[in-house]
Amino acid sequence: MSRGFGLQQGAEAVLYTAPFLFQCEPTFQASTPSDADAAHAQPIIIKRRFPRAYRHRTLDKKLTRGRLASEARNLLKARKLGVKVPAVLRVDVDALCIYLERIPGDTLKEKLARQTKNDKEQVETTLKALGAACATLHQGNIVHGDLTPSNVMVTTTQESAPSVALIDFGLAQTSTLAEDKAVDLYVLERAINSTANDGDEAEPFGHVLAGYESRASKGLWNAVRTKLDEVRARGRKRTMVG
Amino acid sequence: MSDLSPRQHQEDNSPSLVLGIEGSANKVGVGIVSCKGAVRANPRRTYVTPPGTGFLPRETAQHHRAVILELVSEALAEASLDSHACDDKGKRRVAAVAYTKGPGMGGPLVACAVVARTLSLLWRVPLVDVNHCVAHIEMGRLITKARDPAVLYVSGGNTQVIAYNNGRYQIFGETIDIAIGNALDRVARALHLPNDPAPGLHVENCARSGKRLLDLPYAVKGMDVSFSGLLTKAESLSTRAKRTYDRNAPLPPPEACLASDASASDDDEYTDADVCLTLQETCFAMLVETAERAMSHTGADSLLLVGGVGCNKRLQAMAEAMCAERGAFCHATDERFCIDNGAMVAWAGWNQYNAWRVGASDTSDEAAMKAFPVSNGFCTQRFRTDDVYAGAWRNLEEEGDEPTAKKAKS
Ligand SMILES: Nc1ncnc2c1ncn2[C@@H]1O[C@H](COP(=O)(O)OP(=O)(O)O)[C@@H](O)[C@H]1O
Ligand SMILES: [Mg+2]
C-alpha cells in the first residue's frame, strides 16, 4: 500500500487512508510525504459512502445519511463504554464522509482465513476478547447490526495478547431488547462458523460466547442466552407458508 | 432458455423421463422433464380468489383436487405419452414420479401427493420426494446454466438468501416473520387490487405510476429481513390511499416512477401507486442488500433469482444493478419457471433419483422401488432447504462438465 492513500471498496463505502498531518481530503496526488513527516503522521481512514444505483434515490439518501449519522453517534457511545473502536476525527455530512482513526492489524476475517494449527491459541484468545467486547457494547444498550468477521479488527503485538476493535457502525442502534442483542450474536455465529475450515474445531463461536459470558452481567447473559436459542430456532420453526 | 426445445432425441432406450407434481400453495402443476433437462410438458393452474381475499388451505386443496387429473392427462398428451406413461411403440418412458413433500400448505400438498402415490403404484415406478425450495433452485440453475450462484429465493411463502456450501443449500439470511410475496399480496388486498392472474403483478404494475416515496421502516436485522412491521404500516397507509389503479390503462415506462425525488409525509395526499412504489422499493432494497452481503461473504460471482416474486421486473432490475456494480452476473427466469411448476419438481426428482442410480450397486426396478417406496410418500409443512443433501447430485456435476453428464451404470 502506498503511503499517500490506500483504497478499499466495500458495499456502500470507499475507504481511503491518509496521513493525518497533511491531507485530510481523499486526493490522489502522487507526492509522497517525506520520512520525517511520516514519522509524525498518524494514518487515518476516510470512509466515503456512495449512492447505490439499485436503490430509489430518495430511499438511498435516507439510508446513506442515516447510516453515516448512526456510525458517528454509535462509535462515540461505544468509545465511552470502553469498547475499543476507532476514534471519530471528523464527520462531513455533505460529502458523506467520516474520518476515523486507523486501527493497525487485520480484520478477523483475514485472520481466520490465514490461521494455521499453531495459531489455535491466539485465535481462541481473540474470539474471547471479541465476545467480551460485544458484551460491553450490549451492556451499554448498543447493538452493532452487522457483526461479521470483516468488521472486527485484530491487532497483534509481540508483547501482549491480541486486541480486538469493532468497526463499521453504520447499522448500529440503541436497543435495550435482548432480542436485538441475540440477533447480533446470531449473525456473528453464522458468519464465524461458516468461515471455519475443514479440520478446524467445529464451533469456534463457543469461544465468543465464553468471552461474552465472562464480561456480561448475569442478567444480560441469561436474557441473551435464552433469546439466542429462540433466534436460532426461529428459522427452523417457521412454517414456510404464506 | 433456448435449448429447452420440447423435443430432444433420446439417446438410449431406458425410460428417461420424470413426471413431477407441485401444489404446495395456490398453483398446481404437472411437469414432464427428460434426464437432459428438456421440458416436455409443464401445464399449470392457479387458484384465484376474488379481490380483497386470500387463498385458504381447504379451498385451495379442493381446487387442486378438481383439476389435477386433468393436468396429468394434459401433461402426458403433450409429451406424447398414453395413460400408462408409454410412447406410441408401447414403451414405458417415465422412470419415476416426483412430488413436493414440503414445505407448503398441508391440504394442497396432500392432494397432490395422493395422485403421485397412485401413479407410482400404477406405473410401478419409484416415488421421489422433493423439497420445494430445492426444486426452485435446481430449475433455476438448469434454465440459466448458473453453476454456483448465490440464490435469492423469493415467493409467497419463502424469502431466503442461499449459498451452496458443503453439500447443502445453506440459508444465509431469511425473513424472520412473513414472506415477501405474502407482504405484497396483503397490501394488494388492502388496496383491492385484482388477484387475477396474481396480486403481485398488479402491485408491480400499479407501482409504475407511483410518484412519491412514502415512509416505511427498513428492517434488515443482520443477515435477516423482517416485513411484518413494514406491512402493518403499509396496510394502514393503504386505507387512506387514493384509488387510481386501472388494470387496462397503458403502463408508464419503468423509469418514470424512479425519476422523481419527491417524498411525502403520511398527512399529504397520496395514491395506491405511491404505496405500491414505496412497498416495492423498500422491500426489494432490503432483499438486494442482504443478497449482496451473502455474495461478498461467499465470494459468489453470480446471483440467481427464483420463486414467484423473482419474475418481478423491478426486483430483477435492482438485482442486476447491484450485480453489475460488483462485476457479478444476475440470472433470472420468466414466469414459466419462476412461479411454482411441475417441471421443477420433476427435474429435482430426476437429480435425486439419478444420484441414487449412480451410487447404487443394484439398480434393478425392484431395488429402485425399495429405495423410493410409495410408503415414503407423505408430506410435511416444515421442510428446510438445508435439510436436503444436495451434494448427492452436485458432486456428480463437479466431476463431469455438464450438469447431468454422469451416466448411470444401468
Ligand atoms: N478504522 C479502521 N482501521 C483500519 N481498517 C479499517 C478501518 N475502518 C475500515 N477498515 C477496513 O476497511 C474495510 C471496510 O470498512 P467498513 O467500515 O467495514 O465499511 P463497509 O461498510 O464497506 O463494510 C474493513 O473491513 C477494514 O478492512
Ligand atoms: Mg464492513
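Numbering starts at 1 and runs along the chain as displayed.
Backbone N, Cα and C define each Cβ position, glycine as well.
Copied over from TrEMBL, here are the features:
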type    : residues                                                                                 : note
BINDING : B:HIS132, B:HIS136, B:TYR153, B:ASP340                                                   : divalent metal cation binding site
BINDING : B:TYR153, B:VAL154, B:SER155, B:GLY156, B:GLY157, B:ASP185, B:GLY200, B:GLU204, B:ASN312 : substrate binding site
DOMAIN  : B:44-347                                                                                 : domain 'Gcp-like'
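Known features from TrEMBL, placed on the structure.
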residue	record	CB count, 10 Å
B:HIS132	divalent metal cation binding site	28
B:HIS136	divalent metal cation binding site	33
B:TYR153	divalent metal cation binding site	27
B:SER155	substrate binding site	27
B:GLY157	substrate binding site	25
B:GLY200	substrate binding site	26
B:ASN312	substrate binding site	25
B:ASP340	divalent metal cation binding site	27
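Taking 8 Å as the upper bound (exclusive) on CB-CB distance to chain A, the binding-site residues B:HIS136, B:GLY200, B:ASN312 give none. Shown in sequence order, B:SER24, B:CYS133, B:ALA135, B:ILE137, B:SER155, B:ASN158, B:VAL306, B:GLY307, B:MET344 are the same-chain residues outside B:HIS132, B:HIS136, B:TYR153, B:ASP340 whose Cβ sits within 8 Å of the Cβ centre of the divalent metal cation site. B:GLY157 (substrate binding site) sits 13 Å from B:HIS136 (divalent metal cation binding site), counting Cα to Cα. Put simply, of the binding-site residues B:SER155, B:GLY200, B:ASN312, the one whose Cα is nearest the Cα of B:ASP340 (divalent metal cation binding site) is B:SER155. Annotated pair B:HIS136 (divalent metal cation binding site) and B:SER155 (substrate binding site), C-alpha to C-alpha distance, rounded: 10 Å.
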